[in-house]
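Report on the structure given below.
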Amino acid sequence: MDLSSTLNVVYSLLPGITANLTGTLTNAYISVAILLDYFKIQMMSTSNKILVALSLSNVYLSLIFCSISVFLPLINDDYSIKGYIFALLMFGICSSNWITTCLCVFYFLKIINFSSGLLACFKLKIDIIVPWFIFFSEVVSLGCSFLTLLPSVTSPGSSTNSVNSTSEEFINSPGFMKVTFIAVFVPMLIMIVTTFSTIGSLFLHSRRMENTGTSSSLTPHRNAACMMAWLLLLYTVIFVALFTYFFELFDPQSFGYRISFNLIYLFTLVQSIVLIIGNPKLKEAIKKCCLFDTKVSD
């Protein structure tokens with residue numbers, strides 16, 4: 001490989017690697033901040049359990065993205081290794097998606113009042129259900145990961161086999177994308193239903209409070225609903241980006257193609273920012289870190 005080709009490869013990989021390393025650090029910060037608080041008070045809330053699981057899943061996903069960016073162009077001719085790498089990627093995508101859905105379901109059950117029925121029972125037992133939901137998310141993720149290794153998914157005929165293929169072209173393989181869409185579509189539907197139901201319930205509750213003249217702070221609930229809305233928007237954007245890859249709506253050399261690819265790489269970083277902004281304790285911890293850095297520099 002000549003100098004020009006080497007520089008082109010470095011230039012194409014650098015933005016993705018930088019975004020994913022930054023996403024790794026921000027998601028690791030979320031886990032460390034929550035765990036340090038747990039060691040102090042010897043207790044962890046159910047929502048924090050979900051946040052730790054989600055941030056660790058995002059750390060894993062970011063590292064997989066970095067590995068794909070760095071190593072996959074070096075092993076383009078070894079299809080079996082690429083299949084295993086993208087099976088690991090599928091696990092990260094499914095895990096992050098399902099645990100995010102778990103977070104939305106948790107806020108949905110905590111915010112909306114249910115007088116009776118199955119949802120009311122779930123609301124009462126939410127602290128017991130959440131760990132099992134996280135476990136279920138990991139089992140489903142493993143199942144989708146193994147599914148990508150089936151011959152019908154990983155056969156050479158379903159992907160690009162040229163020596164000059166890249167990670168982008170392999171991700172665009174029909175078999176991999178079909179599994180991805182199945183894995184992402186179901187939790188997306190759950191997120192849509194829970195998010196809009198929560199926002200609608202909060203709106204109606206606010207109107208009732210205005211009519212009756214009662215006063216009660218809904219700020220924590222509104223913050224949770226805003227986080228759910230931003231997460232839903234984020235996953236919708238990623239879903240659209242994957243859609244454009246699957247149906248090849250953009251030419252591989254076009255600006256839209258590169259934008260879609262970069263959006264996928266920015267996913268874990270943006271999600272960590274949404275989680276930090278939506279959690280008052282995490283925001284406060286960042287402020288303390290910033291103040292400490294300012295004092296040290298002074």
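Every residue, even glycine, has its Cβ placed from backbone N, Cα and C.
Just so you know, TrEMBL annotations are computer predictions that nobody has curated.
Database features, via TrEMBL:
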type	residues	note
TRANSMEM	20-39	transmembrane segment
TRANSMEM	51-72	transmembrane segment
TRANSMEM	84-109	transmembrane segment
TRANSMEM	129-150	transmembrane segment
TRANSMEM	179-204	transmembrane segment
TRANSMEM	225-247	transmembrane segment
TRANSMEM	259-278	transmembrane segment
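The highest tally of CB pairs under 8 A with the transmembrane segment (179-204), across 84-109, 129-150, 225-247, 259-278, is held by 84-109. Through the fold, the transmembrane segment (84-109) approaches residues 46-47, 50-51, 53-54, 57-58, 60-61, 64-65, 67-68, 71-72, 119, 122-123, 126, 130, 133-134, 136-138, 140-142, 144-149, 170-171, 176, 179-180, 183-184, 187-188, 190-191, 194-195, 197-198, 224-225, 227-228, 231-232, 235, 268, 271 of its own chain, all at least 6 residues removed from its boundaries and within a Cβ separation under 8 Å.
Sequence-distant contacts of the transmembrane segment (20-39) (same chain, at least 6 residues past either end, Cβ-Cβ under 8 Å): 48, 51-52, 55-56, 58-59, 62-63, 65-66, 69, 265-269, 271-273, 275-276, 281-282, 285-286.
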